Structures are given as C-alpha cells and as structure tokens.
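First the structure, in the form of structure tokens, and then the observations on it.
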Amino acid sequence: MLRFSNKNFLATTVNEHMLVIVSIESLMVNISTRADSFRLMLFTLLNSTAQSAANSSRRFTTSRLDVSVSSLPTLYCLMQCTPDLTADECTACLQPYLQYTLKYMDGKKGGRVLGTRCSMRYEIFPFFQGDPMLRIINLAPEVPPINSTMPLITVNPPPQPQSQSPVAAAPPPPEVQATTQELHGM
C-alpha cells in the first residue's frame, strides 16, 4: 500500500482511512447451520491470525484454517501491522477488522480490510507465497456479537440489504422476473 500526505500520519498509531473490499461472490450456503459454521470458521481464522500477527516480531502472519466443517472450503488469511507498532497497538489495530469482516463479508468467498497501520485479507484459495506461518486446527467456542456502534468506513462494493445469514437465494421464477423497462413503466 502506498500512502502520502502533507501531514505526518506515522506520528500516530491511529488506523485511519480504512477500506473494505468484499468479494462479489458468495458461498453457496444453503442452510442456516452451514452459515453459522462458516461464520464460526471465519471468526476463528481472523482471531487466531490477528493474535499471531500481533505477537510476531514482524507483525505479520499468514494462516490456513484446516477444519473440515460441512464440506465448507479451506480458508486462508494474511494479517499485518506496520512493524513500528507494539504488540498491544497491533492487537488494537486489528480488533475492529474482526467486526468489519463479520459484518460485511460473512458468507463471501474473500475480502480485504485496508488501513494506514494494518491490513487483512482472507480467501478460499491460497493467495500468498509459501506455506502458511500458522495452521489452525481447532474452532473457537463461539462468535461474539457484532458491535453496532462501529465507525463508518468505505465498503466496496457497497453492502446490499440481506438476511442475517448468508443463504444463497434462487432466482425468482420467470413469470416474476421483470425487465428494466417494466420496472420503470416504459
């Protein structure tokens, strides 16, 4: 990431100007049990990777979640903070990323959260060179609730209204589909 400014943004540990990039592809999660399983897998991946990155001297970790749950895909993750941050500052920087990911990327094949001081990416395919630094084999006991007072951030593409769980919906039957002209009364 490249950032430049007429202000010294490295003088603070604030992680400003965050950008969330969400995969436009959703996983085909057909029942709520599998959706809950994916959410638990995603939280486990992010939480474990964030802890490992914060405790690494380089403030960087790649990971792979090796837990077989209801034929859901293997998940891969990369998290990093700028190396000048302390372990506690890196932990604080990455903590909101778990919330943003669960809020905007639940049920998606991948996504990124980019900030001035830290970044995160997860995918259902390996996207980094070499073997993962962390192999996660146990799921977290539960997913904590999402903080409803998160600051506003830029999300690309903008979130669409959806149900609470990422359930793949079938297209409407042909007799219900309308053309753009019909919707606009043309």
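Just so you know, glycine gets a Cβ as well, placed from its N, Cα and C.
Positions annotated as domain 'Gnk2-homologous' by TrEMBL: 19-127. What TrEMBL lists as region 'Disordered' is 155-186. Residues or ranges marked as compositional bias 'Low complexity' in TrEMBL: 176-186.
In terms of DSSP helix, strand and coil, the domain 'Gnk2-homologous' (19-127) has 42 helix, 30 strand, 37 coil. Mean pLDDT, taken over the domain 'Gnk2-homologous' (19-127), works out to 88 on the 0 to 100 scale.
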